[in-house]
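Pulled from TrEMBL, these are the features on record:
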type	residues	note
TRANSMEM	28-44	transmembrane segment
TRANSMEM	50-73	transmembrane segment
TRANSMEM	94-114	transmembrane segment
TRANSMEM	120-141	transmembrane segment
TRANSMEM	148-170	transmembrane segment
TRANSMEM	176-197	transmembrane segment
TRANSMEM	218-238	transmembrane segment
TRANSMEM	244-262	transmembrane segment
TRANSMEM	283-304	transmembrane segment
Ligand code: HEM
Ligand SMILES: CC(C)=CCC/C(C)=C/CC/C(C)=C/COP(=O)(O)OP(=O)(O)O
């Protein structure tokens, strides 16, 4: 924290439910929760629908709580970035200590109830993910190194492993592959946004790659990570998590993603200024579809596997 005064600022007006809800970063968490949901349903262990619902709910609450803690700690930099200046704390709607209390309270609630509803491996992973995002990424890496999101991306990659652990009580090759896919996806996802958010991170003094190494280097980094991601994403088709449907989705989306990354790499700042970063904005949107479609395909493959097992069992009877 560089500006302690923000952390003790008082509220301008009465907070509404929507202001507290906004602290949970609900839009980002939808995709996070979807990956956890896929991790849970892709596991080869049937889970009672009510337990599955509770598990996904508690993972969502834990994720949201980590967002509130991130906003509490980052209130000073959020206040100077255009994209985040309207968030509940810098906007004076919610007092920092309220966000802190909400974040800690919901984190404890989510971890405890996930443990009681499923098992303590899943609850431990959820606690570790919250810790990683809040302490390792937000409090330490984000303001220290341009590798912040490469290492910190691990936080966003754990949810499918939490889902899988909720169903099985453990960790498996498939859940580690889902982690790796999300982990490799995070840098291109975020750096595309950093390119078109231009001055925000400079103004806030956050050492994002765009600030420390410039936009040209960031464009090259996006391309390299996209190529590595594509190799991994297509290889997953030939593992227990993949299959023919996944392969088609991965080939199509990775071809589009590589095309987008190549286009971004070739562009100069003048090209980007001329069309207001259209290619970079398009690539960021494509990144969201990319992850959603890959996890959707993993879910379909798990469903097909189960249908196959049911059919062969039916044949035996
Ligand atoms: C450390 C890793 C990550 C970083 C630094 C990052 C950064 C960001 C940022 C700064 C935004 C704009 C957020 C805003 O609207 O205020 C964003 C948007 C988004 N991110 Fe990420 N992200 C990361 C990981 C993830 C993960 C793992 C997921 C999902 C699995 C994800 C899903 C999304 C979604 C769905 C949006 C769009 C939200 C909207 O529509 O407004 N992100 N990301
Ligand atoms: C289950 C569980 C605990 C899930 C956590 C998932 C997780 C760590 C998601 C990270 C996504 C995210 C909002 C990054 C924003 O980075 P930032 O904080 O630097 O972005 P900002 O500038 O928008 O605040």
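Quick reminder: no glycine exception, Cβ is built from N, Cα and C everywhere.
Most Cβ pairs within less than 8 Å of the transmembrane segment (176-197), among stretches 28-44, 94-114, 120-141, 218-238, 244-262, belong to 218-238. The list of residues near the transmembrane segment (50-73) in space but at least 6 beyond its ends in sequence, with Cβ under 8 angstroms from a Cβ of it, reads 1, 7, 23-26, 28-29, 32-33, 36-37, 40-41, 87-89, 96, 99-100, 102-107, 109-111, 113-114, 117-118, 122, 126, 129-130, 133-134, 138-139, 155, 159, 162-163, 166-167.
28-44 is the stretch from 28-44, 94-114, 148-170, 218-238 with the greatest number of Cβ pairs below 8 Å to the transmembrane segment (283-304).
Within the chain, the transmembrane segment (218-238) has long-range Cβ neighbours (under 8 A, six or more residues past its boundaries) at 177, 180-181, 184-185, 187-188, 191-192, 194-195, 209-210, 244, 246-247, 250-251, 253-254, 257-258, 260-262, 264-265, 267, 283, 294.
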